[in-house]
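Q: Straight out of TrEMBL:
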{"type": "BINDING", "residues": "Ser94, Glu164, His192", "note": "Mg(2+) binding site"}
{"type": "BINDING", "residues": "Arg316, Asp330", "note": "ATP binding site"}
Amino acid sequence: MSRATAQKCTDAVCTLNTLQTNASLLEQVRRERGNPQLQLQAMRGFLERAGLSVEDLDHLNIIHVTGTKGKGSTCAFTEQILRSYGFQTGFYSSPHLVQVRERIRINGKPISKELFTKYFWQVYGRLYETKDAYGGSMPAYFRFLTILAFHVFLQEKVDLAVIEVGIGGAYDCTNIIRRPWVCGISSLGIDHTSILGDTIEKIAWQKGGIFKPGVPAFTVKQPDGPMTVLKERAEEIGCPLWVCPELGEYPADSGPLHLGMAGQHQHSNASLALQLSHSWLERRCLPGIKGVLPAAGFRPSPIMVKGLSDTEWPGRTQTLNHGPVTYFMDGAHTTRSMLACVQWFSEAAAQQERTAGGPVVRVLLFNSTGERDSAAMLKLLVPCHFDFAVFCPNITEAIASCNADQQNFNVSVENMLTRCLDNQRSWHLLNGQEEKPDSQLLISRDTLPMVASGQRSETLVFPCILSALQWLSQGRDSILAHTDTRVIPVKPSVTAKAAPLRDATSIHVLVTGSLHLVGGVLKHVDPSFAC
């Protein structure tokens, strides 16, 4: 790929970033809660200005998926299964980990820089040329990317599109879809309460908003309250709704089904994916698919079995081994997903520690964003017995870099660092440790701090992801050791604290609390995410 092509893609991403008005968009959603049709009407207007219509979307044979936990994993399983049948797939998801192109995938791969640039300017140009006639309005970041995804999938003539809802369902801009082939709801929990409501029943009402008349819908098993709401929503809309069986209820010829993603919580996602893909294939009239009752524990075809096994979804219960340093990465950002993360990490790390042959140091690398309850998530992590707890903002490097894909203009650096210090205090309190008034990281209002500050309780706050990784790996990760980015200096006392990391046989690092944090780590430690 030429340098010119890469620069054109960067220019497109930088222009896209000018639409980063997520905070104001969320406020608009709150104002329009009583009339979601205003949101959808605006989205339809932007779609038409981009040269598309809601009728065009009917040709994408869409699988529409929402949920609080596991909707992305469900989509990944579903897409892999149907791609394994030989269909050309489109897959729209959020957020991205490293590069924004990850959100729009063709046949499981992020679209190329060439395609992204080409289609970006087609859509952006049409919207920009018409903005004066519409009071200067342009779609916000997520709305634009949703329109772009639809445009890409139509232009590339995919056989189907798997569409993951952004937030909620009823008010989400993906809900301009009129005629999906099938809908799915993964596990429900509490998240985005300022928009979706402060009870799981209110959230279930929002999620059920993607149901369409006569379109089959499937849900994983839910608590009684939200399940009742989903059933009422389905009846009100005129949508047949089925509850997925447990994964163990699917008969298999060669023992239990093997999943490409680790963790017990992935079982319900895999079951939902089997039902969604089977329903889609049935409508496609694929030979051998007919004759199975909806939501029955049918015998998966060999292609389905292989699809489940081959599924990869980075940043979710992902393990990356770099010699003595092992990264356990999961973007859990609610208390319920953190419970699943803790169970997965405890089992996976213990399994490796049994064969380590020497001392193992456990390190927590944590951050959280938005309105999420960091203290509640940290409380769940205490039983993992970390030797170090490291906190940093979702800033990949303290030195400004060319990576426009991970820029966020909606929150200040000072606010991000203050959040890290709050998380550090919470960790101390949860571990019964007292705060030392002079031990906090001093935040410069003008520039990022370049020195980390440690405490007797073995907690540290770093100004960026790279500085945290450099400290906790202590030169023992060959990928980080060969990075061209200079090592950020730290106090001698902080360097001295790292002696256990240098002496340990293995270092186990759990990265969690935010998918953006996981993405920033992957940018530095996984060469496949290199720009």
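Don't overthink the numbers, they just go from 1 along the chain as shown.
In case you wondered, yes, glycine gets a Cβ from its N, Cα and C as well.
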Q: When a 10 Å sphere is centred on the Cβ of Asp330 (ATP binding site), how many other Cβ atoms does it contain?
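A: There are 25 of them.
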Q: In angstrom units, rounded to an integer, how far apart are the Cα atoms of Ser94 (Mg(2+) binding site) and Arg316 (ATP binding site)?
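A: Between the alpha carbons of Ser94 (Mg(2+) binding site) and Arg316 (ATP binding site) there are 13 Å.
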Q: Measuring Cα to Cα, how far is Arg316 (ATP binding site) from Glu164 (Mg(2+) binding site) in Å?
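A: So the Cα of Glu164 (Mg(2+) binding site) lies 16 Å away from that of Arg316 (ATP binding site).
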Q: For Glu164 (Mg(2+) binding site), what is the tally of other C-beta atoms lying within 10 angstroms of its C-beta?
A: 24
Q: Hey, how far is Asp330 (ATP binding site) from Glu164 (Mg(2+) binding site), Cα to Cα, in Å?
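A: Cα to Cα, Asp330 (ATP binding site) and Glu164 (Mg(2+) binding site) are separated by 19 Å.
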Q: Could you work out which of the binding-site residues (Ser94, Arg316) has its C-beta surrounded by the smallest number of other C-beta atoms within 10 A?
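A: Among the binding-site residues Ser94, Arg316, the sparsest Cβ neighbourhood within 10 Å belongs to Ser94.
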